[in-house]
Amino acid sequence: MKRENYSIMTEFTFQAFSSFHEHQMTLFVVFLKLYIFTLAGNVIIVTIIRIDRHLHTPMYFFLSMLSTSETVYTLVILPRMLSSLVGMSQSISLAGCATQMFFFVTFGITNCFLLTAMGYDRYVAICNPLRYTIIMNKRVCFQLVGGACSIGLIVAVTQVSAVFRLPFCATKVAHFFCDIRPVMKLSCIDTTVNEILTLVISVLVLVVPMGLVFISYVLIISTILKIASAEGRKKAFATCASHLTVVIVHYGCASIAYLKPKSENTRDEDQLISVTYTVITPLLNPVVYTLRNKEVRDALYRAVCRKHS
């Protein structure tokens, strides 16, 4: 196929949930509710951390950054997905597709490294409590967040540039957003090099952060087990429980999506996995950190009491 055909392609069309045609309105209602809960939860977290001085600590600074990143991440994907479920246009321009992929990759990877930074914060808090405020000063916190964002941007530019240099011969994206592999499948030429690049990037941005978090928790658990009192051990574990829950689900879903063989699942199975990390995982963050976190619950209570007093 000649390269000229690439210039003819001006837009793609999402196949989205076409195989669930009879249930699309039900899916719309369910996903809309989850999206509203996610947005509301993340906005509440960011607001309460900003206004409550008790939460002006490195741990909650990272949490507010994660909530902000998750909010933008879902804004890039979910509104268009919801509109497609109610019969609105499922087409997207090449530029729009590249933009959506860029932001999706940027914030998806930023989230991975923010979770790693949060793991490092918990490691310092439990393993070096006397030096915590010195090690986790404002400059270090901003550097960690800046590093997470920079990695996301660099990888997104690399990945999106590689994908959109390909010539495309088909227009139907077998997905509900411009994810990397479904778009690459539309290419006229062999995409082995791009597949290898995607796998290498996936390993670096998933396995490396997972490894760092794992090392942090090995050191954390070994330190906690040395604590003499049962109450002390329980309190130390409690400070890590929320983060560990989010980490397991986030990295687990992302690993299944991007580290599995490319032809292992059907389109519907791939979409189900994608729904998990684009809809369910972003909701998990505010749910876990508001319902299971006593400090956030107390801050919410104080804010409500101030409002009614």
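Positions of Cβ are set from backbone N, Cα and C atoms, glycine also.
Feature annotation from TrEMBL assigns domain 'G-protein coupled receptors family 1 profile' to 41-289.
If you look up TrEMBL, you'll see 27-48 (among others) marked as transmembrane segment.
The transmembrane segment annotation in TrEMBL covers 60-81 (among others). Outside the transmembrane segment (60-81) by six or more residues, the chain places 16, 31, 35, 38-39, 41-43, 45-46, 49-50, 92, 100, 103-104, 107-108, 110-111, 114-115, 117-118, 121, 141, 144-145, 148, 176-177, 278-279, 282, 285-286, 289, 295 with a CB less than 8 A from a CB of the stretch.
Per TrEMBL, the feature transmembrane segment maps to 101-120 (among others).
Residues or ranges marked as transmembrane segment by TrEMBL: 140-164 (among others).
What TrEMBL records for 196-225 (among others) is transmembrane segment.
Distant neighbours of the transmembrane segment (237-259): 59, 108, 111-112, 115, 118-119, 122, 125-126, 198-199, 202-203, 206-207, 209-210, 213, 217, 220, 224, 270, 273-274, 276-277, 280-281, 284-285, 288-289, 292-294; these residues of the same chain sit at least 6 beyond its ends, with a Cβ under 8 Å from one of its Cβ atoms. Per TrEMBL, transmembrane segment is recorded for 237-259 (among others).
Under the heading transmembrane segment, TrEMBL lists 271-291 (among others).
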